[in-house]
Amino acid sequence: MLPLDLRSPALAVWLAAALICLSTLAGAWLARRKARQVTGWLAVASALMLVTALIDMLPDAWRGAVENGVPLWAVGLAILSGFLVITYFTRKGCGHEHTGPAGGNHAPGLHRRVKEVLSAAVFSGLGTAAALSVHRAVEGATLALTTSAIVVIALMVHSTSEGLALTTLLDMASRRLAPWLVLSCVSPAAGILIATISPLPPRVEPILIGVVAGVLLRTALVGLKLAAIRQADGRLPKRHAVSAIGVAGTVAVLLVAAHLLPGGGEHPVATGQMMVRLPQPAPTPTPTRFSPVSREHLRAAVAAGYMSLSEVFARTDDLTKGTHIGWLLRTLPGHQPDEVKKLLAANDIAPDHRLGDLSDRQRAYLLEVISTPRKAR
């Protein structure tokens, strides 16, 4: 698989962000253009959110927790909290006062169904909008690592489904779409800037992803229920169920491919949400010096052998000096989190110690006990 831009990884990152934004707008346009088919779109959007949470975000949260020493129960609690927040706001309950006997719009059964549709749509729509914005910011934070075409294609299809889900739920709730759509398009760019300037602590990211996954899981279930409630018999039409399963299955395959398929003949390094393809230098007698665009990019370069530990220690830029040594070492082959913690503790180095704060003695110790030979170019 050829990278999008070998010579300018930063340009490829922003190009990918622009494509994702356009895909989101395309999903919103599709939902508005086919507004009469709202039940079908709602079923498809809900199935896509379910796939996103189960296949993309939950494995991500688990992997991040294992890599960074976060207790799995904490991730489970984060998922449960996100799920319960949406459950609370979409619980059964009347949205206005009763001043007379039930009848007309308060006929038995009718009031309950209308109430469930409106209240669930409002809170599911707003919850989904907020959750998707956070999720897309996290995607943007790792987008700097994405130069594989299969990953970008998967993200574009994924973003189209998010624009579709966002528009469908907010339209049902009679909420303004424009502000949330703008936020959804801007959040990946914000994530890229945050990752480049001041990334989140590695231990925080799996918790955040867990909360968002819980929100999307509950919203997906509510959306499928809403699609069924809109029908006279309270059941989802077979054609809508088949469409939802087909589209969700396609996206699921793309997401799995983005995580697992190797690019070209090399072995990519999986970090965060993406499968990393490091830029290959042009075949010149004196290759240009590798310059990572983010801390995740730096970590991937060390893991793949494109940079040795001694080369990392020799760097004096703020990006490298602000990188946590424990987080960097855990990506090396054969260095499990517990082993890294013991190795650092043997020389009084905390896992969250930054590279710029290491003494010469500590650097020499790490270079002696850890061998990270650089790959031949």
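The backbone N, Cα and C atoms fix where each Cβ goes, and this holds for glycine too.
Features reported for this protein in TrEMBL:
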- 12-31: transmembrane segment (TRANSMEM)
- 38-58: transmembrane segment (TRANSMEM)
- 70-89: transmembrane segment (TRANSMEM)
- 117-134: transmembrane segment (TRANSMEM)
- 140-157: transmembrane segment (TRANSMEM)
- 177-201: transmembrane segment (TRANSMEM)
- 207-229: transmembrane segment (TRANSMEM)
- 241-261: transmembrane segment (TRANSMEM)
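The transmembrane segment (177-201) shares the most Cβ pairs under 8 Å with 12-31, out of the stretches 12-31, 38-58, 70-89, 207-229. Comparison of 12-31, 38-58, 207-229 by number of C-beta pairs under 8 angstroms to the transmembrane segment (70-89) places 207-229 first.
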